[in-house]
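Participant: So TrEMBL lists the following for this protein:
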- Thr16, Gly17, Ser18, Ile19, Arg43, Asn129, Glu131, Gly215: NADPH binding site (BINDING)
- Lys130, Ser156, Glu157, Ser186, His209, Ser222, Asn227, Lys228, Glu231: 1-deoxy-D-xylulose 5-phosphate binding site (BINDING)
- Asp155, Glu157, Glu231: Mn(2+) binding site (BINDING)
- 10-137: domain '1-deoxy-D-xylulose 5-phosphate reductoisomerase N-terminal' (DOMAIN)
- 151-239: domain '1-deoxy-D-xylulose 5-phosphate reductoisomerase C-terminal' (DOMAIN)
- 271-387: domain 'DXP reductoisomerase C-terminal' (DOMAIN)
Amino acid sequence: MMDAAEPTGIALLGATGSIGASSLDVIARHMDRYRVVALSAHRDVAAMERLCRRFRPALVAMADPHAAAALRRQISDLGDTAVAEGAAGQAAVATHAEAQTVIAGIVGAAGLAPCLAAVEAGRRVLIANKEALVVAGSLIMNAARRSGAVLLPIDSEHNGLFQCLPARPGQPVSLAGVERLVLTASGGPFRDRDPATLSEVTVAEACAHPNWSMGRKISVDSATMMNKGLEVIEACRFFGLPADQVEVVVHPQSYVHALVQYRDGSTLAQMGNPDMRTPIANALAWPERVAAGVAPLDLVGAGRLDFAAPDDQRFPCLALARAALKAGRGATAALNGANEVAVAEFLRGGLRYDRIAGVIEETLAARPAEPDDTLEALIGHEQWARRQTTESLQRGRHR
Ligand SMILES: NC(=O)C1=CN([C@@H]2O[C@H](COP(=O)(O)OP(=O)(O)OC[C@H]3O[C@@H](n4cnc5c(N)ncnc54)[C@H](OP(=O)(O)O)[C@@H]3O)[C@@H](O)[C@H]2O)C=CC1
Ligand SMILES: CC(=O)[C@@H](O)[C@H](O)COP(=O)(O)O
Ligand SMILES: [Mn+2]
């Protein structure tokens, strides 16, 4: 039996990324409460070496076996850190015996298997990895019901919703009296850009989010507003509401992250400076509160809060995501696969920014029959979409 005063063991998936850095910043402020026991990444050996030296985890895992071998050499002087590799290594981090809390911070569907492993192992799981919910959200939620895992959203909007909904330890979030969930969208770097120039968008421009500092893939998703499409799906899966009860409103300042509208006319909003340490600290400590290193919102300094309806012409990815949500779970899995491939190709320099939506639409239009609602079938469908999109890009019609 664990001593009540003992720090909570943390396993952090995606430790070398943006969510990883924000999580470790919060954890480092509270080493009396939290202890890093396991970390994972893909192949950034130098970053992982720094984390090993600073946090001395018992286990680290690199998905890439060459990176794992290099890391073993680099930290051979640290006798107390084991290095695992491949998919088994990610699962070992996700289910580490000394970790009561797991942070799912891997980018993309690559994070699904370790996230699900943590849920099946009954851990408290803080989910940033929205793609895992988009591809297999119903299976993750069902697994949590079976294992007793407590799932807490740390995507800022979903954490904002969570904070505006009544929730008590040991009980599911209550949706009693809820009419609508509202997610805010910043509009990204191209909210006001002349549409005629979107064909010239550079990778640097697309990754320069006006309010948030994030990894490259989610930054591009914010620019196309696919991020909000993925988040609508994420909200439906996580909170169990139909699509027509999840709305998006453009709010360029990113001070209001989400709102819950109740039957009695009340609208509750969660606000704060755009800094991921707040939702991470909220979920780490829930139902308590800990300092996150984030200043409270200066309302007078903020001055004004603007809201507008999303522009469907400028942001076709939002409608694509809504259509996929309507079409079924296979369609949302395929949407994710197509988007990951298209965004990677844009980041590689092989696809124009303004062609991303068309590439995804073409893949969705070619989709075979809706798959069964099993993990294998959904992953198979997502992988079909990746192959289909890759082939379509190779045919070169989108250049
Ligand atoms: N950044 C943010 O503020 C927010 C992020 N999110 C979500 O959180 C997730 C992470 O985003 P972000 O931190 O920005 O992304 P980053 O690109 O900054 O970091 C990604 C992390 O995932 C690891 N990774 C990538 N591929 C694999 C793989 N195949 N196996 C194991 N690990 C892998 C990377 O390792 P390596 O460094 O070795 O490549 C890195 O640690 C995404 O799903 C995103 O949508 C949600 C809300 C806000
Ligand atoms: C910080 C976070 O949660 C991101 O998902 C953020 O919402 C991106 O901003 P957009 O509103 O521009 O998508
Ligand atoms: Mn978000």
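Counting begins at 1 with the first residue displayed.
Placed from the backbone N, Cα and C atoms, the Cβ positions cover glycine too.
Relative to the rest of the structure, where do these features sit?
Facilitator: In three-state terms derived from DSSP, Ile19 (NADPH binding site) belongs to a helical segment. Counting every protein chain shown, the Cβ of Ile19 (NADPH binding site) has 26 other Cβ atoms within 10 Å.
Here Glu231 (1-deoxy-D-xylulose 5-phosphate binding site) comes close to Lys130, Asp155, Glu157, His158, Leu183: these same-chain residues lie at least six apart in sequence, with C-beta atoms under 8 angstroms from its C-beta.
Secondary structure at Glu231 (1-deoxy-D-xylulose 5-phosphate binding site), taken from DSSP and collapsed to helix, strand or coil, is helix.
In the predicted model, the domain '1-deoxy-D-xylulose 5-phosphate reductoisomerase C-terminal' (151-239) has a mean pLDDT of 97.
Summarised by DSSP class, the composition of the domain 'DXP reductoisomerase C-terminal' (271-387) is 71 helix, 2 strand, 44 coil.
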Participant: Report, in whole Å, the straight Cα-to-Cα distance of Asn227 (1-deoxy-D-xylulose 5-phosphate binding site) from Arg43 (NADPH binding site).
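Facilitator: Cα-Cα, rounded: 25 Å.
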Participant: Please spell out the DSSP helix, strand and coil residue counts for the domain '1-deoxy-D-xylulose 5-phosphate reductoisomerase C-terminal' (151-239).
Facilitator: 46 helix, 11 strand, 32 coil
Participant: List the same-chain residues at least 6 positions away in sequence whose Cβ sits under 8 Å from the Cβ of Glu131 (NADPH binding site), in sequence order, or say none.
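Facilitator: Set apart from Glu131 (NADPH binding site) by at least 6 residues yet with Cβ under 8 Å, we have Val107, Gly108, Ala109, Gly111, Leu112, Leu230, Asn336, Glu340.
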Participant: Compute the centroid of the Cβ atoms of Asp155, Glu157, Glu231, then list the same-chain residues not in that set whose Cβ lies within 8 Å of it, in sequence order, for the Mn(2+) site.
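Facilitator: Those within range, site residues removed, are Lys130, Pro153, Ser156, His158, Asn159, Leu183, Asn227, Lys228, Glu234, Ala235, Ala258.
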